[in-house]
Amino acid sequence: MSAVEQPPVYKIALGIEYDGSKYYGWQRQNEVRSVQEKLEKALSQVANEPVNVFCAGRTDAGVHGTGQVVHFETTALRKDAAWTLGVNANLPGDIAVRWVKAVPEDFHARFSATARRYRYIIYNHRLRPAILGHGVTHFYEPLDAERMHRAAQCLIGENDFTSFRAVQCQSRTPWRNVMHINVTRHGAYVVVDIKANAFVHHMVRNIVGSLMEVGAHNQPESWIAELLAAKDRRLSAATAKAEGLYLVAVDYPERFDLPKTPLGPLFLAD
């Protein structure tokens, strides 16, 4: 008796955008809303079989993504439009597929990634915003963006980020390699743009929290370098809120030839 022939398995990568303000983070959890759960449900409807996704970076509750990357495996052969338009039709309005690409067997959304890039958006005005209030962090004291930028440059390179690491972080090492960190002002908005090979838990938000203290002239420019050298989380500022944080890009080796989309969010140029 001949063995039953198994259907071929396809590996698919997707670019995902989402407003995380109504979700308890990316990762699927029991009895709470997660981005992963909504995406897997929509994909399973299109594939007509259960689908599990793996992401490049598991964002926390309230954090957004314009450049999240996921992959999944399926025996369902579908046109690209099914994985984009079809999946989007089954997703809530605050989650969307941006692109689709068939990938080789050795691709992994998390482990194949070589760098992640985040942007943190601060609405720097005396009064809080009503529009996009869950997409920015409001800070009412005047911020000196140029001062923040200068102070942040000491973080570039491979460093021990213990001072900017959440106490509950489960990473085996606090060492990370920061490729760039830029702070710029766009009218009432201050944008912190940071790229690294990977990030320890709450690293971006802890860095931003301390940079805001420097920008408000509550601490000297040298304070960030002092915190980095101290390797003590208790000395740095409070963690900045989740609302202003966006995962905007994930880098992969060129051989995977993944699509490039505008980083955003919204009007922000690349």
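Yeah, the Cβs are placed from backbone N, Cα and C, and that goes for glycine too.
The feature active site, nucleophile is assigned by Swiss-Prot to ASP60. The substrate binding site feature in Swiss-Prot is assigned to TYR118; the stated evidence is sequence analysis. Annotation source Swiss-Prot lists region 'RNA binding' at 107-111, citing sequence analysis. For 168-172, the entry in Swiss-Prot reads region 'Interaction with tRNA'. Annotation comment: Swiss-Prot describes ARG58, ARG78, ARG110, ARG126, PHE139 as site 'Interaction with tRNA', evidence class sequence analysis.
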Next on the checklist: A 10 Å Cβ contact count, applied to the recorded sites ARG58, ARG110, ARG126: which residue has the minimum?
Outcome noted: ARG126
Next on the checklist: Comparing the recorded positions TYR118, PHE139, which residue's C-beta has the most other C-beta atoms within 10 angstroms in this structure?
Outcome noted: TYR118
Checklist outcome for this item: Within the same chain, the residues at least 6 apart in sequence whose Cβ is under 8 angstroms from that of ARG78 (site 'Interaction with tRNA') are VAL46, ALA47, GLY86
Checklist entry - From the Cα of the residue listed as 'substrate binding site' across to the Cα of PHE139 (site 'Interaction with tRNA'), what is the distance in angstrom? => result 19
Item to check | Inter-residue Cα distance where the pair is ASP60 (active site, nucleophile) and the residue listed as 'substrate binding site', in Å | outcome: 13
Checklist outcome for this item: Residues in the region 'RNA binding' (107-111) per DSSP class, helix first, strand next, coil last, are 0 helix, 0 strand, 5 coil
Checklist outcome for this item: Summed over the region 'Interaction with tRNA' (168-172), the DSSP helix, strand and coil counts are 0 helix, 0 strand, 5 coil
Item to check | Pairwise CA distance, ARG58 (site 'Interaction with tRNA') versus ARG110 (site 'Interaction with tRNA'), rounded so that it is a whole Å | outcome: 9
Item to check | Structural state of ARG126 (site 'Interaction with tRNA'), classified by DSSP into three states | outcome: coil
Checklist entry - Does ASP60 (active site, nucleophile) have same-chain partners at least 6 apart in sequence with Cβ under 8 Å from its own Cβ, and which are they? => result GLY25, TRP26, HIS202, ALA242
Checklist entry - Where ARG126 (site 'Interaction with tRNA') and ARG110 (site 'Interaction with tRNA') are concerned, what is their Cα separation in Å, rounded? => result 40
Next on the checklist: If I take every residue in the region 'Interaction with tRNA' (168-172) and average their pLDDT values, what number comes out?
Outcome noted: 84
